[in-house]
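Before any comments, here is the structure.
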Amino acid sequence: MSFATADLCDAHEDQLALGTLRVLEPVFHLFSRAECFSGEAVTLKVFEDNALVRATLEEKGAGRVLVIDGGGSLRCALVGGNLAQLAEQNGWAGIVLNGCVRDALELNEVNVGIAALTTSPRRGQKLGTGERDVAVHLPGALVRPGEWVYADIDGVLVASAALN
């Protein structure tokens, strides 16, 4: 599916006004070959621990988007080249991460969309802490499981339902 978030905002100004379509703050950068991605949100809330990220990406993605509230930590990465390849193999459409990625050159080779704050060479811990399928606070919007995410180079949108 090809789209532009700018066009979606223009076409759905009524939903923007109602709050059923929300724009995340412009702090996310794309780190993959994919120019745009969208899908139903699966949410995680973790902090500097990516064990739950891996466990989730090991499941069939079925075109969904993994939305991770990593607390905005810039101290370590929660997604790198191996997890991006795993996401691609299992059919995930994308990842939106309020935190860091690493292995940026490897991420540029995958077709799974990845939007994150920045990079960090340090890996996250693997303690297995965190929560799944909860509402998460990302810069600019609350994201609930089952909502829809649309992302491209211009930004990341969250919609209460799939957009036409």
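Note that Cβ sites are derived from N, Cα and C of the backbone, with glycine treated the same way.
As recorded in Swiss-Prot, the features of this protein are as follows:
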type	residues	note
BINDING	G80, G81, N82, L83, R102	substrate binding site
BINDING	D103	divalent metal cation binding site
For the binding-site residues G80, G81, the one whose C-beta sees the most other C-beta atoms within 10 angstroms: G80
Site extent for substrate (largest Cα pair distance over G80, G81, N82, L83, R102, Å): 10
Cα-to-Cα gap, the residue listed as 'divalent metal cation binding site' vs L83 (substrate binding site), nearest whole Å: 10
Neighbour count (Cβ, 10 Å) for N82 (substrate binding site): 12
For the binding-site residues L83, R102, D103, the one whose C-beta sees the most other C-beta atoms within 10 angstroms: L83
8 Å Cβ shell about G80, G81, N82, L83, R102 centroid, substrate site members excluded: A77, V79, A84, Q85, V101, D103, E106, L107
